[in-house]
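Visitor: Reproduced below are the annotations present in TrEMBL:
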SIGNAL    1-21  signal peptide
DOMAIN    24-126  domain 'SRCR'
DISULFID  Cys94-Cys104  disulfide bond
DOMAIN    129-229  domain 'SRCR'
DISULFID  Cys198-Cys208  disulfide bond
DOMAIN    232-338  domain 'SRCR'
DISULFID  Cys309-Cys319  disulfide bond
DOMAIN    349-447  domain 'SRCR'
DISULFID  Cys415-Cys425  disulfide bond
DOMAIN    553-653  domain 'SRCR'
DISULFID  Cys622-Cys632  disulfide bond
Amino acid sequence: MLIKFTWFLPVIVLFVTPVHTANVRLDGGFNANEGAIQVKRNDVWKYLCDEETPYFYESLAGDLVCKELGYISAGFSDAIVDPSIGYWKSNITCSPDDVSLMSCNNTGWSETETCETKSYTTIICFKNVKFVDTYHRASIGYVSVYNGNQKEYQTVCQEGFTEATAQVFCKEYGFKSGRISSSSGISNDTMMATIYRCTGSESRLSDCPTVAASASCTNSHPVAEAVCEGDLTITDKVGRLTAGYGVVKVYDDEGETMTLCAEGFNENTAKVVCREQDYGENGALFPYPLNLDDIRTAYKDTLKKSFNCVGTESKLRDCPSTTKQFCPNEIAASVLCKLDSNSTADGVTRINNFFGGRQWGGVEVMYHGIWGSICVDRWNDNAAKVICGTTSTHVKALTRFLGFTDVTWIYDVNCTGKEENLNSCQFSTDGTKFNCSSNHQSVAYCYNDTFEYSLSGGGTNYGYVQVTKDGKTGFVLDSNGAYPNVMAKAACNSLGFNGGLPYQMNETSATYWWTVSTNLQYPSFPRLLPGSATTKPSPVQQKYVSVYCHGNVKLDGSYSKPLEKGGVVQYKYNKFYAICADGFTKTEGDVVCRQLGFPQAVKVNDLLFGSALPVGFHDFKCPKGANSTADCTSRFTGTGAGCTSGKADVECDDGSTEGANGANGANGREIQVSVIFVMMCLVQIVLM
């Protein structure tokens with residue numbers, strides 16, 4: 001029994017130029033000797049889909065593919081499959097007498113778009129040396145060599161196996177160097193009757209002198225084990241650029257990625273990088289490298305090399321290189337290899353439609369033949385209105401989580417909402433001046449709503465929700481049992497506010513009302529979805545949806561009394577930001593409270609619960625006697641830099657006096673607070 005301790009290098013796969021034969025090739029592997037099997041039928045290349053052959057890497061069929069390509073046997077590879085290519089489907093049965101994959105018995109060929117067994121037909125092909133019973137490309141194992149006369153791999157005896165021989169074995173296997181392992185094992189495979197006497201300078205074991213192995217080298221004798229180091233098939237290999245552009249990363253001989261420094265990286269080297277990725281001859285430096293994948297800091301510890309290519313090399317590893325101790329500004333090299341197939345004039349925008357062609361989704365803008373994003377830092381409803389155009393009755397600027405930083409073309413966008421297109425707005429395209437590090441994408445939510453919404457029985461921002469259509473106006477009745485907080489937020493959004501809370505009002509009677517549910521195309525921006533109108537012959541006493549809606553200012557952080565006290569936050573660029581407490585006095589607190597419908601502030605900057613939102617506003621100052629924060633001034637930065645006193649907060653007077661909106665004190669401001677509200681707050685933090 002052979003006891004194996006096999007270590008694996010990280011499996012990293014790249015698209016490379018496929019190996020071509022008449023009817024079979026490999027594609028999507030890290031090297032030319034690995035990939036997903038493709039076959040050619042009717043002059044069309046597609047992946048092979050075989051639903052009966054369990055594992056091609058240990059089958060006669062897999063070995064035949066490798067032999068057709070000039071190798072000997074098949075192992076397993078985690079190759080990347082491009083689903084757009086499709087598959088040729090056939091169940092194949094091979095025998096030892098078959099000379100090629102196409103000579104094996106098959107069940108005919110048919111086309112299919114998907115294949116459940118696609119991982120079975122991704123292989124790596126081995127030549128004259130490999131590790132015993134190892135189907136991956138490993139770096140340690142028991143040594144075996146192919147015996148052409150016996151047409152089988154045979155294990156090498158531990159007797160006479162030297163450091164020099166181990167080094168030659170590893171070089172032929174594709175590594176920089178090798179050594180003998182300290183462990184040992186017994187093989188049940190056939191033992192080779194030859195001992196290699198290598199000096200270490202040879203490239204292949206067949207170049208080494210040999211002597212006959214002793215009689216003790218039998219199946220019960222310990223076998224040679226080697227540890228290989230420095231995978232030459234990986235070293236200086238360019239990392240895969242799936243989008244046709246991106247930061248240039250290469251692999252060192254340990255399989256770790258390192259990023260090239262932008263300093264010294266020129267057009268010639270960019271052409272070689274793109275040529276190696278099979279993108280043709282149009283490689284160029286990426287116009288604005290600061291946009292890509294947070295490259296200021298993401299790879300600062302791996303900026304180790306600089307290549308000096310003349311531009312005619314086929315692979316980056318063919319270019320002279322030098323080691324860099326540091327990289328100025330920690331900016332990595334980036335390339336543009338492939339223009340988008342739908343490329344058009346610079347500045348053209350589109351909405352990336354995600355659901356059946358509906359007019360909503362991420363906003364993309366074309367520059368340099370690449371669709372990129374608009375930075376979310378200044379993204380607002382006016383800009384979204386320009387993108388949506390006149391075909392939509394309603395527009396909302398939102399953001400969508402990407403999980404990565406896409407290429408960003410537009411910064412500091414400033415639209416009035418009346419422009420015909422984005423090019424008529426003010427913005428910057430200079431990526432060297434702006435660093436949009438957000439992992440969100442600007443979204444324009446364009447939709448049509450033929451209903452009208454209003455508030456009744458309360459004030460300007462609270463009361464019963466009413467719906468009007470075709471001259472029929474009625475209260476709103478929750479028809480699908482939505483959570484109160486979700487329904488309230490949807491109602492306030494539809495009313496044109498920035499969300500809101502359930503607001504407790506007394507039962508009232510009506511002969512007419514609308515049933516509604518919530519539209520959750522975007523969970524961060526629910527809106528009402530009215531259903532049918534109901535008419536009763538006599539008034540019905542029941543509870544209808546009533547809400548308290550947030551304008552540009554609200555209080556945040558208190559779950560027990562979310563209207564009366566909390567951190568002062570103000571709406572800007574699609575979300576709320578906290579106000580810095582520097583210079584925030586009772587004068588400012590009184591104005592905030594009066595805007596929210598209370599007579600005055602009783603506490604300022606003295607609350608137990610503050611807002612969890614980031615500071616964005618500084619120098620918030622209001623004139624005495626003002627009733628609205630619209631009369632106040634502030635400076636928006638979007639960050640808390642320079643704020644020394646923390647976040648401003650207030651507690652408003654909740655006496656029995658009538659507030660600015662006409663509400664009757666505590667009896668008129670009872671808010672439904674539940675665990676659901678806490679959960680929704682947490683959800684919003686995640687979605688932001």
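Each residue's number is its place along the chain shown, starting with 1.
Every residue gets a Cβ built from N, Cα and C, even glycine.
Curation does not apply to TrEMBL; its annotations are automatic.
What's the neighbourhood like for each of these?
Guide: Its own atom aside, the Cβ of Cys94 (disulfide bond) has 21 Cβ atoms within 10 angstroms in the protein chains shown.
For the domain 'SRCR' (129-229), the DSSP counts in helix, strand and coil order read 14 helix, 38 strand, 49 coil.
Under a cutoff of 8 A between CB atoms, and with a sequence separation of 6+ in the same chain, the neighbours of Cys208 (disulfide bond) are Thr165, Val168, Tyr196, Arg197, Cys198, Thr199, Glu202.
All protein chains considered, the CB of Cys319 (disulfide bond) has 19 other CB atoms within 10 Å.
Taking all protein chains in view, 22 other C-beta atoms sit within 10 angstroms of the C-beta of Cys415 (disulfide bond).
Non-local neighbourhood of Cys622 (disulfide bond): Thr587, Glu588, Val591, Thr629, Asp631, Cys632, Thr633, each in the same chain, at least six residues away, with C-beta under 8 Å from its C-beta.
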Visitor: On a C-alpha basis, identify the one among Cys94, Cys104, Cys415, Cys425 that is nearest to Cys309 (disulfide bond); the candidates are the disulfide-bonded residues.
Guide: Cys425
Visitor: Counting across all protein chains present, how many other Cβ atoms fall within 10 Å of the Cβ of Cys425 (disulfide bond)?
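Guide: Around the Cβ of Cys425 (disulfide bond), 19 other Cβ atoms lie within 10 Å.
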Visitor: Which residues, sitting 6 or more apart from Cys104 (disulfide bond) on the same chain, put a CB under 8 Å from its CB?
Guide: Leu60, Ala61, Leu64, Ile92, Thr93, Cys94, Ser95, Asp98
Visitor: 10 Å Cβ neighbour count around Cys632 (disulfide bond)?
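Guide: Cβ-Cβ neighbours of Cys632 (disulfide bond) within 10 Å number 20.
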Visitor: Distance between Cys415 (disulfide bond) and Cys319 (disulfide bond) at the Cα atoms, whole Å?
Guide: 48
